[in-house]
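For reference, the structure is listed below as structure tokens.
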There are 2 protein chains.
Amino acid sequence: MNTLLNAVKWDEHGLVCAVVQDRHTLRVLMVAWMNAQALHQTVTTGFAHYYSRSRQQQWMKGEQSGHKQKVYELRLDCDGDAVVLLVEQCGGIACHTGHASCFFRLYQNGSWQSVEPVIKAENEIYIRFAQEQTHDD
Amino acid sequence: MNTLLNAVKWDEHGLVCAVVQDRHTLRVLMVAWMNAQALHQTVTTGFAHYYSRSRQQQWMKGEQSGHKQKVYELRLDCDGDAVVLLVEQCGGIACHTGHASCFFRLYQNGSWQSVEPVIKAENEIYIRFAQEQTHDD
């Protein structure tokens, strides 16, 4: 795994930025952070793992909510400080708010507007997502 | 512009993570950082501006190289610490290495492999890109 990890330019906190795209639509679903362990676990298990900056620990996406991300492709950028994952998003929901993508706010006519439906109400998934805290990642 | 800027959760350095997608292919072209001024300039000019952490100053993408990014859509994520831009990539090259995208390295068979062609050799665009230093952003 040294080959995997050594090419990454970890930031001062030992993290790398991870951009997550839906492998079918290429929609950007979320942006999160990985430490070396999370990247290693992602590659060895085939499911996306991240590092929670607020909880200061590694977590597997969907561990509590069931909204796992099966990884089909992993790319690294030119200077090694960002990766892109192509994933199959289980349940079709990446965001803790119940939206398909975390990027449901569009800037138009001078303000940020929520332009996409909530697929599952946040209070319905809250108990599971409360542990996951994707909004902090 | 307060509406634009106040919704963003700026990090401890006053920056927000910017993911840049090609508006035609939805390819992720690069990941960069914006301060408030860069985000403001992006919206007012319609062209992507970023903040160089190495040079500690704002810059317009393509200012030196000509590889500007005309912005067609701007989105903010649920917790406000990342934006996604849909852009028209002038010249079809986003990366200082001369690749279409900064994410030209794929992890496969246990190593990172460059799987995409260089559209324009780096030394041909070096003089212009030397000022731009996209690899530091």
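Keep in mind that glycine also has a Cβ here, set from the backbone N, Cα and C atoms.
Together with A:C78, A:C95, the Zn(2+) site in TrEMBL holds one more listed residue from A:C17, A:C102, which is A:C102. The binding-site residues in question are A:D77, A:D79, A:D81, and the one with the fewest Cβ neighbours inside 10 Å is A:D79.
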